[in-house]
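Trainee: Below is one structure. I have some questions about it.
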Amino acid sequence: MSRLDKSKVINSALELLNEVGIEGLTTRKLAQKLGVEQPTLYWHVKNKRALLDALAIEMLDRHHTHFCPLEGESWQDFLRNNAKSFRCALLSHRDGAKVHLGTRPTEKQYETLENQLAFLCQQGFSLENALYALSAVGHFTLGCVLEDQEHQVAKEERETPTTDSMPPLLRQAIELFDHQGAEPAFLFGLELIICGLEKQLKCESGS
C-alpha cells in the first residue's frame with residue numbers, strides 16, 4: 001500500500017464527494033475508501049470542516065483559471081471572466097457550491113485578493129466599493145450554482161410536474177428555462193451587476 005499523503009486524501013475525498021454528496025461525505029467513509037483507520041486521517045485533516053476547506057481550495061486550484069486580470073483587460077471583462085471561471089470551478093464537482101460555503105481566504109490566496117482589490121482601485125473604485133464589487137459578483141455566482149445544483153438533485157428526486165394546468169406565460173417561462181438551462185440566467189444577472197457597478201463608478205467620479 002502506498003504511503004498516505006494529503007494529496008491522496010484530497011483526491012479520494014473529491015471522488016467520494018461525487019459519489020455520495022456533501023451530506024454523505026464523512027471522515028469515516030473517507031477512511032474506509034482509503035483503507036486506513038479513521039485516526040490516521042487526523043494527521044492530514046482534523047475534521048469535516050477542515051476537509052471541506054481543503055476540497056474548496058483544490059477545486060479552485062484545478063478549475064478556477066481567471067483569478068487575476070490579464071494585461072489590458074477592462075475591469076468589466078475581468079469581473080465577467082472571473083465569475084465564469086469561478087462558476088466552472090464550483091460546477092466541477094457535486095455540491096461544489098455547498099463545499100465552498102463558509103470558507104475564508106487562506107494565506108495562499110492573500111496575494112491574489114490583494115491584486116484584485118488593487119486592480120479595481122486603479123480603475124477608479126474606492127477600496128470599499130472594490131470589496132463590495134468582488135463580494136457581489138462572488139456571492140451571486142455562488143448562489144446561482146447552489147440553486148442550480150440543488151435543483152438538479154430535487155429534479156431527480158421528485159416527479160416531473162406537468163405544465164398543462166399552468167397559466168400560459170408561466171408555462172412558457174418554465175419550459176424556456178428547462179430548455180436553456182441555468183447559464184443564460186446567470187449571465188443575464190452578471191451583466192446587471194456589472195451595469196450597476198458602471199453606474200456607481202460614474203457617480204463616484206462625478207462624470
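Every residue, even glycine, has its Cβ placed from backbone N, Cα and C.
Since this is a predicted model, take the numbers as computed values, not measurements.
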Trainee: Pick from 26-45, 66-85, 106-125: which range has DNA-binding region per Swiss-Prot?
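Mentor: So the range that Swiss-Prot calls DNA-binding region is 26-45.
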Trainee: May I have the DSSP-based helix, strand and coil counts for the residues of the DNA-binding region (26-45)?
Mentor: 12 helix, 0 strand, 8 coil
Trainee: Rounded to an integer, what is the Cα-Cα distance in Å between His100 (Mg(2+) binding site) and His64 (tetracycline binding site)?
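Mentor: His64 (tetracycline binding site) has its Cα 13 Å from the Cα of His100 (Mg(2+) binding site).
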Trainee: I'd like to know the mean pLDDT over the domain 'HTH tetR-type' (3-63).
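Mentor: For the domain 'HTH tetR-type' (3-63), the model's average pLDDT rounds to 93.
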Trainee: If you count other C-beta atoms within 10 angstroms, which of the binding-site residues His64, His100 is the most crowded?
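Mentor: Output for this query is His100.
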